[in-house]
Amino acid sequence: MSFNFRIGQGYDVHAFGPGDHLMLGGVRMAHSHGVLAHSDGDVVLHALCDAMLGGLALGDIGVHFPPSDARWKGADSAQFVQHCDQLLRDRGWRVGNADITVICERPKVGPHALAMRERIAGLLAIELDAVSVKATTSEKLGFTGRSEGIAAQAAVLLGKIAA
């Protein structure tokens with residue numbers, strides 16, 4: 001049986017470390033900390049990539065961009081999204097919509113949500129209303145609640161491109 005839709009979900013987390021900004025959803029935002037990561041550590045775009053790859057059973061971000069590969073040191077995660085999008089398109093699929101949740105106490109994501117949505121919609125060449133970015137806290141519980149790091153979840157609906 002063949003379906004014209006698939007769902008993918010992704011999750012990413014990074015610990016806070018030295019620095020004065022974060023990259024979230026392709027948007028640079030001032031923050032009291034950076035993140036410990038091989039690339040730019042954009043948890044939003046990393047979770048999005050994992051969701052896109054997962055929808056077509058293409059592995060995960062670590063398979064395509066291993067931290068052991070020096071090419072990805074400090075890399076802009078937008079490159080990862082573009083690569084994943086091309087993998088989907090090469091197989092006849094596109095992202096129909098993306099729903100992303102950032103989990104953190106700080107920074108406050110709300111003021112940056114529109115810019116993040118615009119950046120992601122642009123990377124995927126989809127409508128702005130097909131990208132949702134929202135945030136929640138963990139009510140001071142766990143590593144995000146103690147402000148030790150940041151996490152993101154993403155869900156995507158993939159659609160088969162009509163021939």
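Using the three backbone atoms N, Cα and C, a Cβ is placed for every residue, glycine included.
The 4-CDP-2-C-methyl-D-erythritol 2-phosphate binding site annotation in Swiss-Prot covers Asp12, Val13, His14, His38, Ser39, Asp60, Ile61, Gly62, Thr136, Thr137, Ser138, Glu139, Phe143, Arg146, and the record cites sequence analysis as its basis. Counting only same-chain residues six or more apart in sequence, the Cβ atoms lying under 8 angstroms from the Cβ of Ser39 (4-CDP-2-C-methyl-D-erythritol 2-phosphate binding site) belong to His46, Phe65, Trp72, Lys73, Gly74, Ala75, Asp76, Ser77, Phe80.
Within 10 Å of the C-beta of Asp12 (4-CDP-2-C-methyl-D-erythritol 2-phosphate binding site) we count 24 further C-beta atoms, all protein chains included. A strand conformation is recorded for Asp12 (4-CDP-2-C-methyl-D-erythritol 2-phosphate binding site) in the three-state DSSP classification. Sequence annotations record features per position, and here Swiss-Prot assigns divalent metal cation binding site to Asp12, His14, His46.
In sequence order, Pro67, Trp72, Lys73, Gly74, Ala75 make up the list of same-chain residues 6 or more apart from His38 (site 'Transition state stabilizer') whose Cβ falls under 8 Å from its Cβ. Under the three-state DSSP scheme, His38 (site 'Transition state stabilizer') falls in the coil class. According to Swiss-Prot, the site 'Transition state stabilizer' annotation covers His38 (among others).
If you look up Swiss-Prot, you'll see Thr137 (among others) marked as site 'Transition state stabilizer'. Residues within less than 8 Å, Cβ to Cβ, of Thr137 (site 'Transition state stabilizer') and separated from it by at least 6 positions along the same chain comprise Ile103, Cys104, Glu105, Thr144, Gly145.
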Nonlocal residues around Ser138 (4-CDP-2-C-methyl-D-erythritol 2-phosphate binding site), in sequence order (Cβ under 8 Å, 6 or more apart): Ile103, Glu105, Thr144, Gly145
Greatest C-beta neighbour count within 10 angstroms, which of the binding-site residues Ile61, Thr136, Phe143: Ile61
Neighbour-count leader, CB within 10 A, binding-site residues: His14, His46: His46
Three-class DSSP secondary structure - Thr136 (4-CDP-2-C-methyl-D-erythritol 2-phosphate binding site): strand
Divalent metal cation site, defined by Asp12, His14, His46: further same-chain residues with Cβ within 8 Å of the Cβ centre: Val13, Val35, Ala37, Gly41, Asp42, Val43, Val44, Ala47, Ala151, Ala152
